Amino acid sequence: ETAEKSPETSTSTEVLSKSRIKKLAKLQKWEVWKKIKRQEEREKQKLKRQQAILAGIERTTPSRKELKHNRTSKSSNPISVAVDLDFDDLMIDKDVCKCVKQLLRIYTVNRRSDAPIPLYFTGIRENGRIHSTLERNDGYQNWDVTISHKSFMEVFDRDKIIYLTSDSDNVLEALEDNHVYIIGGLVDHNSQKGLCLRMAEEKGLKHARLPLNENVVIKTRTVLTINHVFEILLRVTEKQSWKEAILSVLPMRKGAKAKEGSAQDDTL
């Protein structure tokens with residue numbers, strides 16, 4: 001004889017079901033809105049280009065066609081960067097979305113560079129939340145990025161790896177040619193403080209922090225977003241000093257100011 005479900009169990013299932021339906025409907029609405037906004041933005045950019053041509057204004061930025069030919073495989077950039085995305089279970093959904101937005105920012109900034117950095121997104125768990133969030137970005141598979149489910153440890157030579165973490169006591173004074181710099185793809189550092197450093201030490205990897213305190217005075221905390229770390233590295237490979245790179249990348253709200261008499265002005 002089959003036992004009847006208790007009213008409590010039935011109600012719980014019904015509530016979860018309604019919640020799920022509501023969430024899916026909201027997601028569907030967001031996807032439609034995103035496509036409309038993307039199309040509007042394309043039309044807006046097209047109109048601006050046409051107006052510039054009619055006005056005889058010369059282009060100051062590379063065209064989309066030129067950017068497509070600006071591949072990392074042809075780049076002269078001497079370093080590589082990988083974002084370690086093996087933190088799927090340590091972030092809430094909101095932070096996963098933030099993480100993917102930062103990945104998009106990294107890709108966009110890199111492809112606009114004259115010498116883009118060979119870029120890797122590693123440790124993406126198949127059918128995980130980062131993977132499914134990336135899937136909502138049309139054409140991400142065509143990005144000029146090596147996207148891998150493998151750990152960065154399986155992709156790169158251990159001796160060439162330097163894991164970047166703000167908790168390290170080692171200051172990154174200069175970028176080394178033919179090395180790969182790992183950025184932890186973890187958005188909420190407060191709840192996982194020291195995690196990336198512990199992981200690097202357990203794996204016996206070299207680790208370092210960006211020379212922030214040596215070059216600038218920052219009013220707020222010095223934990224940077226994933227894309228800020230990448231952009232600073234990119235600027236340094238473009239021959240900016242650490243001080244110039246940090247000040248050009250950090251948002252004004254962080255209140256960063258140049259440190260008097262700092263010696264960390266080397267590039268590569």
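Placement of Cβ uses the backbone N, Cα and C atoms for every residue, glycine included.
For Asp188, the entry in TrEMBL reads active site, proton acceptor. Note: Asp188 (active site, proton acceptor) has non-local neighbours Leu90, Met91, Ile92, Asp95, i.e. same-chain residues 6+ apart with C-beta under 8 A of its own C-beta. Asp188 (active site, proton acceptor) falls outside any helix or strand according to DSSP and counts as coil.
Cβ neighbours of Leu164 (S-adenosyl-L-methionine binding site) (same chain, under 8 Å, six or more residues apart in sequence): Leu172, Tyr181, Ile182, Ile183, Gly184, His207, Ala208, Arg209, Leu210, Val229. Classification of Leu164 (S-adenosyl-L-methionine binding site) by DSSP places it within a strand. Here TrEMBL flags Leu164, Gly184, Cys196, Leu210 as S-adenosyl-L-methionine binding site.
Residues or ranges marked as domain 'SAM-dependent MTase TRM10-type' by TrEMBL: 63-257. The average pLDDT computed over the domain 'SAM-dependent MTase TRM10-type' (63-257) stands at 90.
The Cβ of Cys196 (S-adenosyl-L-methionine binding site) lies under 8 Å from the Cβ of Asp84, Tyr163, Thr165, Asp167, Gly184, Leu186, His207, each of these being in the same chain and 6 or more residues away along the sequence. Annotated S-adenosyl-L-methionine site Leu164, Gly184, Cys196, Leu210; additional same-chain residues within 8 Å of its Cβ mean position, judged by their own Cβ, are Tyr163, Thr165, Ser166, Ser168, Ile182, Ile183, His207, Arg209, Val229. Around the Cβ of Gly184 (S-adenosyl-L-methionine binding site), a 10 Å sphere holds 23 further Cβ atoms from the protein chains shown. Our reading of the S-adenosyl-L-methionine binding annotation (Leu164, Gly184, Cys196, Leu210) yields a largest Cα to Cα distance of 14 angstrom.
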